[in-house]
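The transmembrane segment annotation in TrEMBL covers 7-26, 59-80, 92-119, 131-150, 171-190, 235-254, 275-297, 317-337, 390-406, 412-429, 450-472, 492-511.
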Amino acid sequence: MASSTELTLLIIYAVAFYIFIIHRSLQISHDHYTKVYGLRPGWIFHRLNDVSDAQWRNFRGNLTILTLVFGIFTLVATACRKYGLKAKGMAAIWLLVSLAYLSYLHGACIIYILSIASANYLLVKICGRTNFVFLLWIFNLTLLICNRVYEGYPFSLFGQSWAYLDNYRGTFRWHICFNFVILRMISFGYDYHWKDYSNQFDKEKHIQRCNNCSLGRTCYQLLQERSLENNKFSFTIYLCYLIYAPLYIAGPIVSFNAFSSQLDTPQKTHSLKKVVWYGLRWIFSLMLMESMTHFFYYNAFAVSGTWKYLSPLDIFIIGYGVLNFMWLKFFLLWRYFRFWSLINGIEAPENMPRCINNCYNLESFWRNWHASFNKWLVRYMYIPLGGTKTKLLNVWVIFTFVAVWHDLEWKLLSWAWLTCIFFIPEMIIKSTTNALKVESSFGKFLYRELSAVAGAITITCLMVANLVGFVIGSSGINWLLSKFLQKEGLPTLGGMFITFYVGTKLMFHISDAKQKRIHNR
């Protein structure tokens, strides 16, 4: 009874909070739209549309051509599947179509992609049976940094006789997309290196526990963990994996083992009905994004710096809105490309399995934000570095790599190291609470309340870290603190903390409901 009363009060608070946020956001956007840039004429009620985010603007602007390529690729793949093509045959067809797609995107720069991919393949094949992991990382990290420093290597660097090729660099900077290719090259190297080693993965135990595998539908984890035959590590399959059109631009990231395993038999985890419903939900989410950018100019306020002159309350609303905009943007990008891949029979991990507003600790947040990258990091970095035995050290190495992988910017390194600092107390508290078993009713109540307070603090830390990393930069920390720690900002800070506390309690109830549903099955 007490639990249902608490839930009712929490829902009332949450509804009131969102009504206020929506009303105030509309008012801010109406009052200050002339002071921000990045707004263009929109199609909803003749309102201006916020296209200030370059990544979203490019995706939205090229959606028609992307969908045309999507259709051609799918028609070719479906026809080839009907003729019974498998493994190398399918890889060759997909490779040809993907190369045509890359030629449109990058023009003459496809030379760089094929040259680097070939060099990595030779390195793996020559040294892959030895303890070559160090060489693999040195090679790929060097490329990652040099690609950024030299901005994709102008052809003029190699002499004036090559300079004319700089006029044919395509429509999209190749070295930006190549960050994902580097992850795939490392994946190929590790999976080739591990194929002759004994696998600790218990296949029979997994099949018994997995809902999909027990019904005869092979899940992604099983595809990733099982060993492959030598012929699956051919250059054709490798190159197809690196530049597979549906996942090339932005992922999700799929391991080489999982990709190569699905060339013979298309994924069976998701039925055609499920995949179609997945696509329809994507269209609904796109309409939600269009509504957001037409009515709330969150990102435009942030990139133009106009929000710096607003009250602390309005700064919080803009900051909260920007993070929700970022989540929805990546949600749409990644789900579009995953949908394309699923239609063609290749399953990739879901990148945003949980809403940003349903994460109250750092670990669950990073498991559910760019989740396929998280799986990649766990498989190819976290476990090789020692796993839980050296967790406190691992997070620093991994998040530094993630920052450098995104770009060579101090604000990203600040984001990475801030996240690591916030991770330390969470890990210490978790290890302490796991050692203590709370059994009394009062003890459970107290533990739940303290967890809600910790959740509110964590959400605040996540907001600060992500705003520093992707919006205001490290130099903006002092400005942010000065706004909220002065007399005018303290009430907003207190209200923000109470709201995150309420949000965390709501997440507890959602988690309890899910556990109850699983238990009743």
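Every residue gets a Cβ built from N, Cα and C, even glycine.
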Worksheet entry | Long-range Cβ neighbours of the transmembrane segment (92-119) (under 8 Å; 6 or more residues past either end) | 69, 72-73, 76-77, 80, 85, 139, 143, 152-153, 155, 165, 168-172, 174, 177-178, 181, 185, 235-236, 238-240, 242-245, 248-249
Worksheet entry | Top Cβ-contact partner of the transmembrane segment (59-80) among 131-150, 171-190, 235-254, 412-429 (pairs under 8 Å) | 235-254
Worksheet item: Does the transmembrane segment (450-472) reach the transmembrane segment (317-337), going by 3 or more CB pairs under 8 Å (6 or more apart in sequence)?
Response: yes
Fill in: Interface present between the transmembrane segment (317-337) and the transmembrane segment (390-406) (three or more C-beta pairs under 8 A)
no
Worksheet item: If you count Cβ pairs under 8 Å, which stretch among 7-26, 317-337, 412-429, 492-511 touches the transmembrane segment (235-254) the most?
Response: 317-337
Practice prompt. Could you give the residue numbers and ranges of same-chain residues that sit at least 6 residues beyond the transmembrane segment (317-337) on either side and whose C-beta is under 8 angstroms from one of its C-beta atoms?
Written response: 21, 24-25, 28, 53, 55-56, 59, 66, 246-247, 249-252, 278, 282, 285-286, 288-289, 292-293, 296, 298-299, 301-302, 307, 310, 350-352, 355-357, 369-370, 372, 463, 466-467, 470-471
Worksheet item: List, by number or range, the same-chain residues at least 6 past the transmembrane segment (7-26) whose CB is under 8 A from its CB atoms?
Response: 295-296, 298, 313-314, 317, 320-321, 499, 502-503, 505-506, 509
